[in-house]
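Peer 1: Take this structure, written in structure tokens, and hold onto it; I'll ask about it next.
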Amino acid sequence: MTQSSLGQLTDQKNRNKNVLFPKICVSLIEKDPTLILRIAREMAESDVDMVEWRLDYVVNEMDIEELLRLFQKIRVILAEKELLVTLRTHLEGGSVRVSKECYRQTYLGLLKTGLVDWLDIEAKRPLEWFNEVLVEANKQHCQIIASYHNFLETPSNSYLEKLVLDFMKINPDVIKIAVMPEFEEDVWRLLHWNQQTLQCLGQIKIIAIAMGELGKISRLVGGITGSYLTFTSFSKVSAPGQLKFEEVHWLFSLAKIKLAEQGSEDNGEEKNSKN
Ligand SMILES: O=C1C[C@@](O)(C(=O)O)C[C@@H](O)[C@@H]1O
């Protein structure tokens, strides 16, 4: 894999950005406001790190004022959680077609509340879709995830590299790549690509997701190759191949305990052998 152009653009000081256990995110993907608030309360009481509110499930069901009121309620309920807001359009696997104006106005309205922690930008869209949004996000200290989805295949590494170079122009905090593997090798290639690319990206983090049945493993072990976040299902899946939040959380917790036990056993042995 060639990392030459990425390497030229950025310094190479980020050797150790691998996280082992990524943050866990769940998505709010209901249409009905009462149900949204009920599930948000359940999420608030759980151990999830981040909640993604998928606006594409509600954007055609209510006007902007109603949406903002609902957002304020969700924010209060999820005060202790990181909140990601995503308007996923049909071009990237979302459930609605939206106009540039709707995309811009919805995001600007939410950002101006000053209460959005993270915003998902479909960065392959023309810049005029989110130019102003980025300025406002910056003003409000909202972090940006530049995202790309491909539900058909896993593009070549050189395609992904070009994409990353392109996305870096908007200076995101995280670059998210969600692709569909056709073969097992696609999954391992994506994870390896994540690890290699991360070292060239300075402060920018990566989320690499292989979707579908074949890709499930990437949602569990992605942290080892540096994927920052894993998306899990809470009430329903928001993408193919998502594993249940409780199961992923349980597995991570168990692995953390086992690794800690192993660590103290190893230290004990080391001390004993020195005596
Ligand atoms: O972009 C992503 C990742 C995702 O597509 C997944 O594969 O888990 C799920 C979406 O809700 C989210 O916006």
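Using the three backbone atoms N, Cα and C, a Cβ is placed for every residue, glycine included.
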Peer 1: Kindly point out which candidate in Ser27, Ser147, Ser158, Ser264 is recorded by TrEMBL as part of the 3-dehydroquinate site with Glu52, Trp53, Arg54, Arg88, Arg219, Ser238, Gln242.
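Peer 2: Among Ser27, Ser147, Ser158, Ser264, only Ser27 appears alongside Glu52, Trp53, Arg54, Arg88, Arg219, Ser238, Gln242 as 3-dehydroquinate-binding in TrEMBL.
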Peer 1: Lys176 (active site, schiff-base intermediate with substrate): which of the recorded positions Glu52, Arg54, Arg88, His149, Ser238 is the nearest Cα neighbour?
Peer 2: His149
Peer 1: Please list, in sequence order, those binding-site residues from Ser27, Trp53, Arg219, Ser238 with the Cβ less than 6 Å from ligand 1.
Peer 2: Ser27, Ser238
Peer 1: Reduced to three states, what secondary structure does DSSP give Arg88 (3-dehydroquinate binding site)?
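Peer 2: Coil, per DSSP.
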